[in-house]
């Protein structure tokens, strides 16, 4: 499981940073890639990675500001340029209006897609658990921005314990159906009368990962709830230390506020993104260092950077 950042800038494309988009790679878990936001130029950024557009099965949009959605019609169209047998349906989750935005762009440009898009639109009254599969659950809450904006909490369900096959062999259990029974938690009796207790050969379930990905926001308690105990918190850092007033007026956060959210939520790791173009080079290093005074496990990410979870 990895996060790869396709765009880490704020507002408009800059030389060092494209606008907002990231992907959560779940290839080992479910052979899928989930995209969060799709600012303009996202498909160009993808060309610099190993990401296959057909693997992108779900797109989560945080809000309707252009730097988070203007790349969506182009990406969806480019995704169509694949062999027919590789076409897979796509789910798009986002605020009310995302369907109209996408379909208007596709219709007026004469674009035809060889796959279906399933839209899931939300307003403030329909948030909470927005998606569940056998391996993942996704929750959403309203953040505090200048327009309706959501943050997402992706929860991996606990992983089953693994079978200690070597220990079973040493215990004299023949490979075959008995292995399967033990793996399923059944006790078995061998021909010599010995009983094999399944739980002695299966490790404890492994806690699933929690990944919190926030859209643009002022400092808000909703961010804390979404990030509670998260393995990774991705939080915007449009402004730096001392910029709290201007951040609030524009519906954004500073690096220090993001760090405080991570600390209050007892998150394990904080990744800062959505950085204003006025911060470059050493300024970015300083933003990270300042945030570390509040939350030590902080990192300010760069475009195309990949982070393991």
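The backbone N, Cα and C atoms fix where each Cβ goes, glycine too.
Using a 10 Å radius centred on the Cβ of residue 67 (active site, proton acceptor) and all shown protein chains, the other Cβ atoms total 22. Among the features that Swiss-Prot reports, active site, proton acceptor is placed at 67, with the record citing sequence analysis.
Sequence-distant contacts (6 or more apart, same chain, Cβ under 8 Å) of residue 145 (Zn(2+) 1 binding site) comprise 63, 215, 216, 217, 218, 251, 252. What Swiss-Prot records for 63, 65, 145, 216 is Zn(2+) 1 binding site.
The Zn(2+) 2 binding site annotation in Swiss-Prot covers 67, 68, 216, 274. Around residue 68 (Zn(2+) 2 binding site), the same-chain residues at least 6 positions away in sequence with a Cβ under 8 Å from its Cβ are 19, 20, 21, 37, 38, 39, 61, 62, 215, 216.
Between the CA atoms of residue 67 (active site, proton acceptor) and residue 274 (Zn(2+) 2 binding site) there is a gap of 10 Å. Spatially close to residue 274 (Zn(2+) 2 binding site) yet at least six residues away along the chain are 8, 9, 10, 20, 216, 236, 237, 238, 252, judged by Cβ distances under 8 angstroms.
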